[in-house]
Amino acid sequence: MVMKMKMKEALPYIGMASTQFAQVGLMIVGKNAMSTGMTNFTFVFYSNALASLILLPSFFFYRSTRPPLNFSLISGFFLLGLLGCSAQLTGYTGINYTSASFASAMLNLIPGFTFILAVIFRMEKLDCRSTSTMIKSLGTIISIAGAFTATLYKGPQILLTSSSLKPQNYLHFQETDLVIGGLYLVVDCVAASLYLIVQASILEKYPVELIVVFFYCFFSSILSAIVSLFMDRNLNAWMLQPATRLFAVLYSGIFGSAFQVSVMFWCIRRKGPLFVAMFHPLGIVVAAALGIIFLGDIFYLGSLVGSIIIVVGFYAVMWGKTKEEKVDEDKLARNINSKAPLLQIKDAETKI
């Protein structure tokens, strides 16, 4: 029984960690596909359209148990699709102007933006006198600082693999490209943070994750298709050849949109938007580890220091959230216990 409880508590952490592995792979295959001439508009359309087809059976599977749909919910799904589509389009445009590593650094602004928005919309508590709130706020800042340290500061080499001894090819970007790409990525971060907040709000009203994900992918595919028709007049951009494009679309549709978004929705419903946002800095650690193991990347001191800082900040936020949840549970238990004697007295009076 105790093991089951612990496993249930660990599932959101395992789920969000797996989404970071999927996200790193998505950025790599997406960058490769767009280097062959596929645009970010068609890439986003194909991935969301495929995810919609994968999730379509869930709409009929939950037909007898799902709450009824109304105009307000459909409007919320559309807003979710609009924000998600905007985040994807601006994000991939930013990657095109810069690089995957630079984009990873910029995307770690999402926890900070999400924390501010969650406080504004009263999804997170901000009590300056509370130790848990102070540690949670400090942990968010530390994680963001660690992510930038791991990405932008190299330092001396501390680990070499056989393949890392080979000459390295580095991409050089013009300063104007970095500025333009950086602006796109900032818009991506704001849209992604609003997207997480809207997710949490919708799931409170409609707690069926797969149905919400289906509508999100459905509206995202429609919106991206409209944008693609205006922006991509070249038919070559719509082709799924060479095989790199087809693989990228299949990976993005299955592991990116369907799997990753579904897990994120599930975790937001149980832990809130800040919990999900705090896993973005861990993507830097995952990217560095996979690069060293599979690609023979050089391990720099900056990667080690930044990774340690990220983990410290991450655990600080998780400790703060756990502490707040325990306080809320204790308050609920006290309220129930205080009401119990009154109910007993009322029952006794009724019998008399």
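Residue numbers in this text run from 1 along the chain shown.
Backbone N, Cα and C define each Cβ position, glycine as well.
TrEMBL: automatically predicted annotations, no manual curation.
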Annotated stretch (transmembrane segment, per TrEMBL) among the listed ranges 133-153, 154-174: 133-153
Cβ pairs under 8 Å between the transmembrane segment (243-267) and the transmembrane segment (210-231), at least three: yes
To the transmembrane segment (178-198), which of 38-62, 69-89, 133-153, 210-231, 299-317 is linked by the most Cβ pairs under 8 Å? 69-89
Integer average pLDDT (0 to 100) for the domain 'EamA' (180-318): 81
Sequence gap of 6 or more, Cβ distance under 8 Å, 3 or more pairs: do the transmembrane segment (133-153) and the transmembrane segment (299-317) meet that? yes
Tertiary contacts of the transmembrane segment (38-62), as residues 6+ beyond its ends and Cβ separation under 8 Å: 30, 85, 88-89, 92-93, 96, 208, 210-211, 213-214, 217-218, 220-221, 224-225, 227-228, 231-232, 237-240, 245, 248-250, 252-254, 256-258, 261-262
